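Remarks on the structure that follows.
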Amino acid sequence: MDLSSIRKLITRYCTGEESWVDSRTVYIGQKEPPPGTEAYIPQRFPDNRIVSSKYTFWNFIPKNLFEQFRRIANFYFLIIFLVQLIIDTPTSPTTSGLPLFFVITVTAIKQGYEDWIRHKADNAINQCPVHIIQHGKVVRKQSQKLRVGDIVQVKENETFPCDLILLSTSREDGTCFVTTASLDGESSHKTYYAVQDTKAFNTAEEVDTLHATIECEQPQPDLYKFVGRINIYLDRDEPIVRPLGSENLLLRGATLKNTEYIHAVAIYTGMETKMALNYQSKSQKRSAVEKSMNAYLIVYLCILISKALINTVLKYAWQANPNRDEPWYNQKTETERQRHVLIRAFTDFLAFMVLFNYIIPVSMYVTVEMQKFLGSYFILWDDDMFDEELGEGPLVNTSDLNEELGQVGNLFSPLQNCCQSHYWFTVSVLSSSQVEYVFTDKTGTLTENNMELRECCVDGHVYVPHAICNGQILPGATGMDMIDSSPGVDGKEREELFFRALCLCHTVQVKEEETVDGIKRGIHQGKSTSFYISSSPDEVALVEGMKRLGFTYLRLKDSHMEILNREDEMERFELLEVLNFDSVRRRMSVIVRSSSGDYYLFCKGADSSVFPRVVSGKVEQVRARVEHNAVEGLRTLCVAYKKLTHEEYEETCHLLNRAKLALQDRDKKLAEAYDVIEKDFILLGATAVEDRLQDKAADTIESLHKAGMKVWVLTGDKMETAAATCYASKLFHRNTQILELTTKRTEEQSLHDVLFDLSRTVLRQHGSMTRDTFSGLSGDYQDYGLIIDGATLSAVLKPTQEVTSNGGNYKEIFLEICRNCSAVLCCRMAPLQKAQIVKMIKASKERPITLAIGDGANDVSMILEAHVGIGIMGKEGRQAARNSDYAITKFKHLKKMLLVHGHYYYIRIAELVQYFFYKNVCFIFPQFLYQFFCGFSQQPLYDTAYLTLYNISFTSLPILLYSLMEQHINMDILKRDPTLYRDIAKNSLLRWPTFIYWTFLGVFDAVVFFFGAFFLFDNTTFTSNGQMFGNWTFGTLVFTVLVFTVTLKLALDTHYWTWINHFVIWGSLLFYVIFSLLWGGIIWPFLNYQRMYYVFMQMLSSGPAWLSIILLIIVSLLPDVVKKVLCRALWPTTTERIQNADKLYKGHLSEFTPLSSLHAPPVRKHDRHGNENQNRTHRRSDSSPPKKLMCTYWGGQA
């Protein structure tokens, strides 16, 4: 044995060959193959149990605790709690343990309940009955007991229990019809095919006699890909080998339709089914608010450590005097005297950390989670976003990104249509650093994906289903009409061949009358008729168009396609091979044999993939018509054919079968085979299909532009078609100068030169404009739109690029061009390229917020890549909706989701985060000040009960309700004036200046609480019975002022009042008073000592205490009130102007008042010629350095 053989054996048995690892062998019916055929290698596969739950009864507590303590805040409070247990701390461990226990418990209950629901659903699925064939009989078992290799019998309207390979059906042709609505949302019936050599095994006894094995790939999550082969052992020595593909694979969750029963073998079970593999969780997305929260948490943690360090140092400075170190009333033990000073200092540092740890708001995380979870229901309950046609409303797949819906915008956006628009304009004078992006698909997203054949072009002659002239249907128009010259005798044959090609080159199914989704289809004048169903709306439109033009596709029967020609004669073509469509080739082909024995290869596809493979035909005439239709916004396809000899057909079959039988790289080998087969075509003609624009799509895009968003269209369509849609949807305007970065232009010039030409074009005008010379009413500004195709984008994004002379590469230049264009159209995009564009924009230096919206499987990659992914429940299935963060039924609903729901979500959660940090500063800073007056002895200012319940009970409900119900502006106004969305863009309410303001406001209030109470009671104060106030009374007074101040602060910030707000806000204050009375008014037997006994009643019995409480509350709230009043009067933001006007009009502002009059007026500035120029109006919400020029024009806005 040579070394190579030894190496192969070692590779196979030690490391494993690729084929050994990446494939599996399944023995049908659990039967061993005949002796001498192949070695029997039993393999172990999982059972058919589905587990979507996360926990079990035994691992719930440890696993859930581990997951919760991975959060930094929870782990921090756990450490604080353990420190309180280990060392002598000034506060009880209960003060940290109880809030932490509350947070952990609430979260665990929520997650446990959700998992219990999943367990119930799993049990219902795992225990449902299935029918298995054993020993020639049908046996009933539970689904979870199904094993790989078992032969399953499934009846009509039953769901497939696992992934199955179809062996036989009740239909003679070995086909069955399946709906995959639960997998991808497609309600259309798809056709699946039994293995040709097993379709005759129709009874249980016959199926049980089958001896066969299946070799296939290991489980992988792609729903539309499967590679395998079946070895059927008959009486011959060699088995019959047949290829298996996705057309033979029945997926778990799909439903059998219009077929009495099928027999199939289990190939993947349980958690290895494709549906289960798609349960895998997507990558975690984090919102800008969450990132701000973490940054603020780090700042407050540093403040906490600083406080503890300062107090520790000052304590030992204070105790440098021996009398202070060990006074007579608190002498140290011998152990304490012998302890090292560093150990004592570290212990004191930890004690101060415990004392001040409440500055970190642990309950904020629970409140934020509850706000997001409960707030998501407002989208689900929105009747305006409910679609009557589909009977469905929006879906929320994750509530973690609610507030991110309010961040897909910018403070400044490019100028749009200077002369015609009636809203705020901004012009990019320098490079924009405030741009956010919306990436949208075209077909099915901007358009309806409701196709209708508009015309056919055969050798330059144009046909329409009904002749139309000047917009009118010609009188007497029959099924087929020409709108130009007659094609002649030769043209007649080409014409009929063209129509036959479209009747044969498709995967359309013909259905009789039936009920689909509760609607009876296929009924015409009381008679049962047929109708067409396909996974591609284009194919249905073409076949229906051919029917109106005189050629009717009837059915596929016994592998023969039957069509009815214009003379009502039936023609039969044997369907030999189908070369399926894919997004890379962008074409499909069929090989058929006519009744006369001639072989034809018909092909249809995109012009870019068909024209290069054509060797004859009237290419230029057809190309001109295709380009004309594309400019009109129609979807075009080219049709070609070639005749095959018998020898060529045999060679083609051999080439295809060899590729289909491959287990490794089957897709690659099939693509190579298709490339060899699909060439040397004769061009027949082209088709034009119309896909109408969705209702209010143009209005939605216009509103997004006004809100400050850049909209990019990413589509696989050709440039002319996509550009026409962009004009119709107002993405491009008529005065927009289109810049092309396409293959056609790069063939004429080098990519380097084209990029620099475009860069100079867009930057020349922007560089020459200044803020002092620009006028908002001027029409001199040129609006730019960029068009780029997939091939050029690949060249731009290539990593091996030469560095230009100015230090930038192609990608940076491309980004600079895009920043200065109002809109970008990317055509001929592959799905992966869509994701690459989104990723490129996300990684740019501005780090913008991105949103991607689409309706098809080809949009999933960009939806997952974007910060916020929105799927549309359209006709291309539900893959996009299933993989998105949010799903809507129509593109127009994006307007309300962003401008109203996103606006509200962000306003609410921004106030929630800032308020939580503010009220905790107010809470703990007096404790810090108190240490200067108690010798840094770590004496707490507040009672243990107050420390524990402050964040849990006294101040939690008002802010939670505020974060759910606050509406600072009427939603009708938000929809009417999208520019208001800019006020909250770029995380404007959670910027560092705002955060610092809230923090200093908290510090100011805390100083007022503490020193106000301290100086008011500087002299010894007596109650009516002569008792003096002690330290607990002082702390209770400060705490009372604190609770009332922070609650009234929230009340002052509330604009939208309901009875629930009143109940919760005033109810919280009342609850505090009642609790304090009961806590100090009753002797509780479970307490070892009760230092608060009668303290609260004693304080309330003092007149000066009442006066102090009222006075300190007023003084604390006064600066914030004065600041708001002055700012509203002198420098009002647009939001504040509208709030004031809405109060003036008593809530009916949106009905009576032009919103344009409420925006901040521009500042007038005279130039040297005495003319007035409009300069940018500075708004307080725009706190970033000015980098853009803003001008306004309000022309007739109603």
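Cβ atoms are placed via backbone N, Cα and C, with glycine included.
The active site, 4-aspartylphosphate intermediate annotation in TrEMBL covers ASP441. Look at TrEMBL and you will find ASP441, LYS442, THR443, GLU539, PHE581, LYS604, ARG635, THR715, GLY716, ASP717, ARG828, LYS834, ASN858, ASP859 tagged as ATP binding site. Per TrEMBL, domain 'P-type ATPase C-terminal' is recorded for 881-1133. Residues annotated as region 'Disordered' in TrEMBL: 1155-1188. According to TrEMBL, the transmembrane segment annotation covers 295-318, 349-368, 945-965, 995-1017, 1029-1051, 1063-1087, 1093-1118.
Sequence features annotated in TrEMBL and their locations in the structure.
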residue	record	Cβ neighbours (10 Å)
ASP441	active site, 4-aspartylphosphate intermediate	29
THR443	ATP binding site	27
PHE581	ATP binding site	19
ARG635	ATP binding site	25
GLY716	ATP binding site	22
ARG828	ATP binding site	22
ASN858	ATP binding site	22
Outside the transmembrane segment (295-318), six or more residues from its ends: residues with CB under 8 Å to it: 72-73, 76, 324, 341, 345, 348-350, 352-353, 355-357, 359-360, 913, 917, 920, 928, 931-932, 935-937, 995
Rounded mean pLDDT for the residues that make up the domain 'P-type ATPase C-terminal' (881-1133): 84
Recorded stretch, among 945-965, 995-1017, 1029-1051, 1063-1087, maximising Cβ pairs under 8 Å relative to the transmembrane segment (1093-1118): 1029-1051
Candidates PHE581, ARG635, GLY716, ARG828, ASN858, namely the binding-site residues, that fall within 10 Å of ASP441 (active site, 4-aspartylphosphate intermediate) by Cα distance: GLY716, ASN858
Long-range Cβ neighbours of the transmembrane segment (945-965) (under 8 Å; 6 or more residues past either end): 91, 94-95, 98-99, 102, 358, 361-363, 367, 370-371, 374-375, 908-909, 911-912, 915-916, 919-920, 923, 1035-1036, 1039, 1043, 1046-1047, 1050-1051, 1053-1054, 1056, 1058, 1060-1061, 1064-1065, 1067-1068, 1071-1072, 1075, 1079, 1092
Intrachain residues whose Cβ lies under 8 Å of the transmembrane segment (1029-1051), provided they are six or more past its termini: 915, 918-919, 922-923, 926, 930, 934, 939-943, 946, 950, 954-955, 958-959, 962, 1005, 1009-1010, 1012-1014, 1017, 1021, 1023, 1065, 1068-1069, 1072, 1076, 1091-1092, 1095-1096, 1098-1099, 1102, 1105, 1108-1109, 1112-1113, 1116-1117, 1120
Site diameter for ATP, Å, by largest Cα distance between ASP441, LYS442, THR443, GLU539, PHE581, LYS604, ARG635, THR715, GLY716, ASP717, ARG828, LYS834, ASN858, ASP859: 25
